[in-house]
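Visitor: Following this message is one structure expressed as structure tokens.
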Amino acid sequence: MTKKPGGPGKNRAINMLKRGLPRVFPLVGVKRVVMSLLDGRGPVRFVLALITFFKFTALAPTKALLGRWKAVEKSVAMKHLTSFKRELGTLIDAVNKRGRKQNKRGGNEGSIMWLASLAVVIAYAGAMKLSNFQGKLLMTINNTDIADVIVIPTSKGENRCWVRAIDVGYMCEDTITYECPKLTMGNDPEDVDCWCDNQEVYVQYGRCTRTRHSKRSRRSVSVQTHGESSLVNKKEAWLDSTKATRYLMKTENWIIRNPGYAFLAATLGWMLGSNNGQRVVFTILLLLVAPAYSFNCLGMGNRDFIEGASGATWVDLVLEGDSCLTIMANDKPTLDVRMINIEASQLAEVRSYCYHASVTDISTVARCPTTGEAHNEKRADSSYVCKQGFTDRGWGNGCGLFGKGSIDTCAKFSCTSKAIGRTIQPENIKYEVGIFVHGTTTSENHGNYSAQVGASQAAKFTITPNAPSITLKLGDYGEVTLDCEPRSGLNTEAFYVMTVGSKSFLVHREWFHDLALPWTSPSSTAWRNRELLMEFEEAHATKQSVVALGSQEGGLHQALAGAIVVEYSSSVKLTSGHLKCRLKMDKLALKGTTYGMCTEKFSFAKNPADTGHGTVVIELSYSGSDGPCKIPIVSVASLNDMTPVGRLVTVNPFVATSSANSKVLVEMEPPFGDSYIVVGRGDKQINHHWHKAGSTLGKAFSTTLKGAQRLAALGDTAWDFGSIGGVFNSIGKAVHQVFGGAFRTLFGGMSWITQGLMGALLLWMGVNARDRSIALAFLATGGVLVFLATNVHADTGCAIDITRKEMRCGSGIFVHNDVEAWVDRYKYLPETPRSLAKIVHKAHKEGVCGVRSVTRLEHQMWEAVRDELNVLLKENAVDLSVVVNKPVGRYRSAPKRLSMTQEKFEMGWKAWGKSILFAPELANSTFVVDGPETKECPDEHRAWNSMQIEDFGFGITSTRVWLKIREESTDECDGAIIGTAVKGHVAVHSDLSYWIESRYNDTWKLERAVFGEVKSCTWPETHTLWGDGVEESELIIPHTIAGPKSKHNRREGYKTQNQGPWDENGIVLDFDYCPGTKVTITEDCGKRGPSVRTTTDSGKLITDWCCRSCSLPPLRFRTENGCWYGMEIRPVRHDETTLVRSQVDAFNGEMVDPFSAGPSGDVSGHPGGPSQEVDGQIDHSCGFGGPTCADAWGHHLH
């Protein structure tokens, strides 16, 4: 039985049975009802009524309301909407009846109505302004005018207009103007938000609001990523964290491509740790360190020590930004040379980009179908951007016919924020350098530049291209002279200084010019490509809105990741670039060598401090007053044995004054391990114990430990089972990694022959040792020594040793030996044969019939992988075979390129094993590599220069070089194997094919060149010495066959050897007489022509030769088939039918050599007709560099 709560409820403080209604404010209740309806909750009739209200007012209903509308059943909706229709009909009838009654009223009421209408017009006129636009009435309104009907009195009566635009704000620069069409009675408005009932008018209003900014486009401009700068830089690049992401991607790629090495690194990391946490950390660190060895060269100390030989009079320095060099030489004071600042002034503005724009004064002119094309008068103003189009017109928007009407919209473009690019002129760069002497520097004067200058111990000076040399007086220390080459610093032609907001960056020139943003030049005020920061929205019948994109500053900053940040105001401080100087020390002298030794007691004013560069600074206080006197200071290994160890950086330190308690700073370099710094003599001697971490052997073993941690990751090389040597290479790679560092530290100064002999000696001692442990130690050490002495291990980059005529790429050696022979230890390999086979298949389907190799190493690569490619093609049912023919003459170019693909062919173990023993059968279709040009595969259908070096790998007998497909099409040679150097009076341009040597003797001139083969790519400007202002007609080795565009590639009396014997093998170009011949200079000699061999077809020697204005000794080419002279040197009176001439022509087939306009068949020593002479030998009608000859330079050899 349920108990009712009636009784007990009476005695409660609050009677639950007699509670009143909740006290809610009426407006709050109305708000709750409306909000619930907007959310789609409530009676169906109310929901439909609210949707009808939104429909009549041209407002957008909420998503929840639309969802409820779609959920209503059809019968229920039709029932309510029919009742709405009946109610609307009743209202229409009532209005019609009211209109008839008003017409029957008298004149007094009519006058009252007229006065009321006039008052309304006057009230509206207070807010609305009327003017003219395009010959029609223009009304300017604000957001208060759109609530009711706008009545405009005209000569034809009242013109009532309705404006239902939702973007009306207050008047500002952001205005929009468009037409309100006339709608006849009974036509509903369609695709218009403004209309009138009597005549068309234009409406204008501002779009600004006081609560938010103007409407802007959601679209953004795509800005290409700048990428990492190629400059060596002392400061961090902008947004350098992007490198971390790329490095993680590289690590992942390395693990996928090197599963065996990754497993080995993980095993080593697991063995190193004593618990699971340490094991995980060590494993992650090893995997992260592994690919770093081939990432790039990182870490560079900002202080280097240079030791001059005894009696040296000069030393070459290379100063970089924020670097310091300490120069020590026997019998000379120690100098510190510091690059203080690199500054460029008077930057020239190149181009400005707009990254934030505003759009104002929008106007639209529309026409009905068949009434002509719309034309906006503002199109004539260059500050406006216009766009024409078509819209749907008809009765609902003021046109009598249905169809497409013309529309023309214009908007004014103005730039709010811009990024400015400026170029640096080489002549405006100045280098501020300071020189400091390690003399009697007191602690008060240390770092005090003005005090050191007063003591003639320091000097600052500025080096500019106009003043590259300076002599400094250093008081009693003598004087020092610096001859510098400012042009060897930053390549100003490749970079711009770009200022975005308050930040400035050093950006690549090509990236800057390719930015997809509006731009203008300094001499113009008009912006180009303005539409990139504007968006014309979808056009309506008579209206089209235009909005500007938001600020692109954030996108620019993100794209600039990797660029170098610089400081710019009126000048820019550079942190990149270098300055090469020759420091002449012949007039430097030590000060105080005749002083006596100090006899009183010294004390350490402060404890000796480590400088971080392996040296220690000691501040001494001298109690005596017998100065100036020399300081007896030495570093010893033991106090019982006073034999000096280490060395003094401050040469001949002395106390300069006679005042007591004077303080002096001395810098010295103690040995590794424990030592004592001893100051003074006899019983007044003091000492300080010093420990320098590490040792010579310890440093070697620490390097070995790092090598073990990097563990066989010299390049991004795959775990390669493609050849039988792959497994052995990986073992050798591990040996190199673990012991390579110690090997270079301990034996790096010896020749490889000495290293090999030491290894053989240790092996012999191991074989003959009786004790097993000693025997194993000798055998292991000797084996590692022999292996590391004979193998070629890899690094990245190329270096040149001019004196030994040696070029190293990685640690592989490319030697030009004394007998003029090339010995190369390089082996080119594709990234993977599977992907290369797919690339070949794809290229063949696209109409590429073959390839031309760029170099002999690429040709050898095709030969090496031919069979494996053919097996892959056969296994994947592709009727195609790769055929490699012997190259003929020089390596020619071709117009097409191979394109990259992510797809790969697959091959099983059985097919791979079979490919080692048997070559596959030839298919019906062929892909031809090199060989002579044939009708089946002409050069115009071949690909060339499609590969570039990705990384240097490892090999026991050769350095592996991994190739990948180029992403861009270029004619330049691969810069990864190019090295350039200048040392003393010798300059060299070199790669794996060329050794081009120039010497300085009054002027720079080409001395000799040795060619492993002749190729048809162009030498990149980034690896060219002294390349500014060079005319290609003066280049002896033509630019079209990889001749450097350098002033080192010139020689007085000779022009470009475009018709030299470049199709011969084993070419050596030098300046000497061919055996058994003589050359005379005479004006009666013939003009330039193709190079001629000094022996005829039958082997007869031609002894007499001449030239018009060449320099002697003459230019000659030594080849496997004989000796040839240059184009300026002609045979004297010889039967031309027996001459052997060069068939090479570096120009287009329709052109002639611009330096020899005589008869083409006349190559002998008589003049050959009237001609105009220039420099005694040049003869051409077009004039040097004239319009008809301008294109002669730059055609590739085909």
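Even glycines carry a Cβ here, placed using N, Cα and C.
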Visitor: Name the cysteine that pairs with Cys937 in a disulphide bond per Swiss-Prot, restricting the answer to Cys849, Cys973, Cys1017.
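Guide: Among Cys849, Cys973, Cys1017, the record in Swiss-Prot lists Cys849 as the disulfide partner of Cys937.
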Visitor: According to Swiss-Prot, Cys399 takes part in a disulfide bond; indicate which of Cys324, Cys354, Cys368, Cys415 is its partner.
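Guide: Answer per the record: Cys368.
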Visitor: With respect to the membrane, does Swiss-Prot record Thr62 and Asp771 on the same side?
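Guide: Topology check (Swiss-Prot): Thr62 vs Asp771, same domain name.
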Visitor: Identify the disulfide partner of Cys1074 as annotated in Swiss-Prot; candidates are Cys1106, Cys1107, Cys1110, Cys1123.
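Guide: Answer per the record: Cys1123.
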Visitor: For Cys581, what is the disulfide-bonded cysteine listed in Swiss-Prot, choosing from Cys484, Cys598, Cys629?
Guide: Cys484
Visitor: Please state whether DSSP places Cys386 (disulfide bond) in a helix, a strand or coil.
Guide: strand
Visitor: Between Cys386 (disulfide bond) and Cys324 (disulfide bond), how many Å separate their Cα atoms?
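Guide: Between the alpha carbons of Cys386 (disulfide bond) and Cys324 (disulfide bond) there are 59 Å.
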Visitor: Return only the integer: C-alpha distance in Å from Cys1123 (disulfide bond) to Cys1107 (disulfide bond).
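Guide: For Cys1123 (disulfide bond) versus Cys1107 (disulfide bond), the Cα atoms are 17 Å apart.
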Visitor: Name, in the order they occur in the sequence, the residues of the same chain whose CB lies under 8 A from the CB of Cys1074 (disulfide bond) and which sit 6 or more residues away.
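Guide: Thr1094, Arg1116, Cys1123, Trp1124, Tyr1125 - these are the non-local Cβ neighbours of Cys1074 (disulfide bond), listed in sequence order.
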Visitor: Using DSSP, how many residues of the region 'Hydrophobic' (37-72) fall into helix, strand and coil, respectively?
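Guide: Once the DSSP states are binned, the region 'Hydrophobic' (37-72) shows 24 helix, 0 strand, 12 coil.
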Visitor: Any same-chain residues 6+ apart from Cys399 (disulfide bond) with CB under 8 Å of its CB? Would you list them in sequence order, or say none?
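Guide: Spatial neighbours, sequence-distant, of Cys399 (disulfide bond): Pro181, Cys368, Pro369, Arg393, Gly405.
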Visitor: State the Cα to Cα distance, in Å, between Cys1017 (disulfide bond) and Cys1110 (disulfide bond), rounded to an integer.
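Guide: Pair distance, Cα basis, whole Å: 29 Å.
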Visitor: Please tell me which one of the disulfide-bonded residues listed here (Cys324, Cys415, Cys581, Cys1106) sits closest to Asn924 (N-linked glycosylation site), measuring Cα to Cα?
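Guide: Ranked by Cα distance from Asn924 (N-linked glycosylation site), first place goes to Cys1106.
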Visitor: Find the shortest Cα-Cα separation between Cys354 (disulfide bond) and the disulfide-bonded residues Cys581, Cys973, Cys1107, and name the residue that gives it.
Guide: Cys973
Visitor: Spatially speaking, which of the disulfide-bonded residues Cys324, Cys415, Cys1106 is closest to Asn142 (N-linked glycosylation site)? Use C-alpha to C-alpha, please.
Guide: Cys415
Visitor: Would you count the other CB atoms within 10 A of the CB of Cys1106 (disulfide bond), including those on all shown protein chains?
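Guide: By my count, 24.
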Visitor: Just to be sure I understand, if DSSP states are collapsed into helix, strand and coil, how many residues of the region 'Fusion peptide' (392-405) fall in each?
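Guide: Result for the region 'Fusion peptide' (392-405), in helix, strand, coil order: 3 helix, 5 strand, 6 coil.
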